[in-house]
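Report on one structure; see the data block that follows.
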Amino acid sequence: MALDTLDYSVMVALALAILVYFGKDKIWPGDDGTSAGFVANVSAGGHSRDLIETLNKNNKNCIIFYGSQTGTAEDYASKLSKELGSRFGLKSMTVDFADYDFDNFAEISEDVLCFFLMATYGEGEPTDNAIEFFNFLDNEADTLSTLRFSVFGLGNSTYEFYNAIGKKANERLQELGAERFSAYGEGDDGLGTMDEDFLSWKDSVIDSLKNNLNFEEHEAVYQPSLNLIESVHSIDDAVVSHGEPNSAYVSNSVDLSKGPFDHAHPFLSKVVKTQELFNSKTRSCVHAEFDLSGTNLRYSTGDHLAIWPSNANENIEKFLEAFDLYDKTDNVFELKAADSTVAIPFHTPITYGAVVRHHLEISGDVSRQFLLSIAQFAPDEETKKEALRLGNSKELFATEIHEKCYNMADALLKISDGKPWNNVPFEFIVESVPHLQARYYSISSSSLSEKTAIHVTAVVESEKIGNQLVTGVVTNLLKNIEIEQNNKTDKPTVTYDLKGPRNKFSNYKLPVHVRRSTFKLPSNPSTPIICIGPGTGIAPFRGFIREKVSQIKINNATIGKIMLFYGCRSEDEDYLYKDEWPSYAQALGSQFEMNVAFSRKDPKNKEYVQHKLLENAEQINSLLNDGAFIYVCGDASKMARDVQSTLTKIIAKGRNISDEKSAELIRSFKTQNKFQEDVW
Ligand code: FMN
């Protein structure tokens, strides 16, 4: 399943996208489960886990906690922290819940303002890094009478448990006696309004600070929390990062083939095989096989592979042009944190070029908030005015920037009429531009049949919107590998440095880690399953089917009925793994039934998986009566909704109950894990 993103906000919306569910279980003992966030590579600057001690030692009076999985809440926390500092002189620290213990949480005094930016995942669950905090709130916290707080929830209204965690944090803190000083706010990725929702909530917070709490506002001045120092080192010195995934890869200080592997430490895996799966001049889908031999990295069927990207050469060029950084790409700098609550986001010393290529999210779109904050560094007054004009108007920003899908560099050059923004301090760029995140893909192999290989199936994202070419970061990287590895003459849409820092990625290696998901086959192989996955939603089901074939071949198991519902445009263009299904059918015999909907076969009569479900309503009901598990993978907003309402109707009719009762039954299937979704 492709989780790659067209741009940063889309990435987050899909997430990351687009994306898949990042299960909370850990692959490795010792995987600390912290968020794959903004400053994931290095733990915060050596502070203790004692929150109150860190707060006092660094003289802070504002804490911005974030529960984040793919970095949005973390990015917002960092922006809010900067703004409260520059406008009100608040001394704030951002806090990853995973970095602290909560035993003295109740000692946070009323002199400290607390913000909670909380994303929701799965069936209304907290992010990995916030699990312990909720355990504390639910089971250990006594009273929090001195805590003053405001909560912003990050969610997606296409999910059933919309913003459950933001709401829960808001309610639970109040129940425990904490005082809310500003209204609860929430943002909706489903409507694509997350950035604007956050800005509205932030405006209401600022209103409360000024009008209720009598904070005085002064003219915003940028105060870096990271200080940049030009380094004495040169690019060739061994200690200098060329964009290696982390310090261990710079120093080769540990055995890099042994885990634990996680969001902070990837395995460098060789892509041993790639193949184009579509038969189309305009669309592309890459099958890629990652080699795990020689490492203790393991996965289980249904998990997700995180692939760590680097940026495309064309986007890097544009970014260097926009900030006039060409001459500096090989220069080396170091970062020093202003205090111990600030994390250095990547290994330094490092070159400017490596930061742009490997650490910054430069191909996504620009946010209104970013325009407002960068305006102070505009190359001239006219540009500053223009940045503020667009930044201050939701409507103008939407029509002139957002809808045109400008990435950051294109937007800035458009606003300045081509003049480079050469006054922007690089520490501002490091602090304000979101950091490049791994993209997650549903694994399309089976750990029973492929013990030392992980397969992924990625549709290459490349779209011309107006004059803008919008490309997914990882999927185009995989396409570059596919072209080169198979000696093709095709011209890729965008190009990459496939050799990586110090040639460490040569021979088609990429940094990866595995995240365990909750999308799992029933433990009893004879339990029937109904799998629904159109498009690249088929990916985990290819893994499931291969697992079933191996259950028979290796374990001599008796397997239950498998109904697979797949959809694509046409038999000749995008029928994924078309050549493989007959051999699976042969191995599984009459227990396997595949139903394929072709949406473009008959232009007057578009057929989707829902139609195939209706055609098979009777059999679906009978399998559900036999205890079948249902699995849905693919697009969350449209397909998964339509599939669920179709299943609701099928069950209602089959059991002669109302649609409401049937929907209730499906909800109970979900809580019993008999209805599982891997949707984005
Ligand atoms: N939002 C909800 O309101 N309820 C959910 O149950 C929910 N589950 C999600 C599952 C997945 C796999 C993904 C990718 C997103 C889900 N979301 C859900 C939306 C996220 O909360 C939202 O995208 C948020 O901005 C992510 O913040 P983060 O980048 O800080 O992790």
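We count from 1, first residue shown onward.
Just so you know, glycine gets a Cβ as well, placed from its N, Cα and C.
Taken from TrEMBL, the feature FMN binding site applies to 68-73, 119-122, 154-163, Asp189.
Per TrEMBL, the feature NADP(+) binding site maps to Arg283, Thr536, Ser599, Arg600, Lys606, Glu607, Tyr608, Val609, Gln610, Asp642. According to DSSP, Gln610 (NADP(+) binding site) is assigned to a helical segment.
In the three-state DSSP scheme, Thr475 (FAD binding site) is classed as helix. Positions annotated as FAD binding site by TrEMBL: Arg439, Tyr440, Tyr441, Ser442, Thr457, Ala458, Val459, Gly472, Val473, Val474, Thr475, Trp680.
Secondary structure counts, DSSP: the domain 'Flavodoxin-like' (62-206) has 61 helix, 37 strand, 47 coil. The domain 'Flavodoxin-like' annotation in TrEMBL covers 62-206.
Residues or ranges marked as domain 'FAD-binding FR-type' by TrEMBL: 264-508.
Checking the binding-site residues Arg439, Thr457, Lys606, Gln610 against ligand 1, not one has its Cβ under 6 Å from it. Of the binding-site residues Tyr159, Tyr441, Tyr608, Tyr441 has the largest number of other Cβ atoms within 10 Å of its own Cβ. Mapped onto three states, the DSSP output places Thr457 (FAD binding site) in strand. Over all protein chains present, the Cβ of Gln610 (NADP(+) binding site) has 22 other Cβ atoms lying within 10 Å. Counting only the Cα atoms, the space from Arg439 (FAD binding site) to Gly71 (FMN binding site) is about 12 angstrom.
With a 10 A radius on its CB, Thr457 (FAD binding site) counts 26 other CB atoms from all the protein chains. Of the listed binding-site residues Gly71, Gly122, the Cβ environment within 10 Å is emptiest of other Cβ atoms at Gly122.
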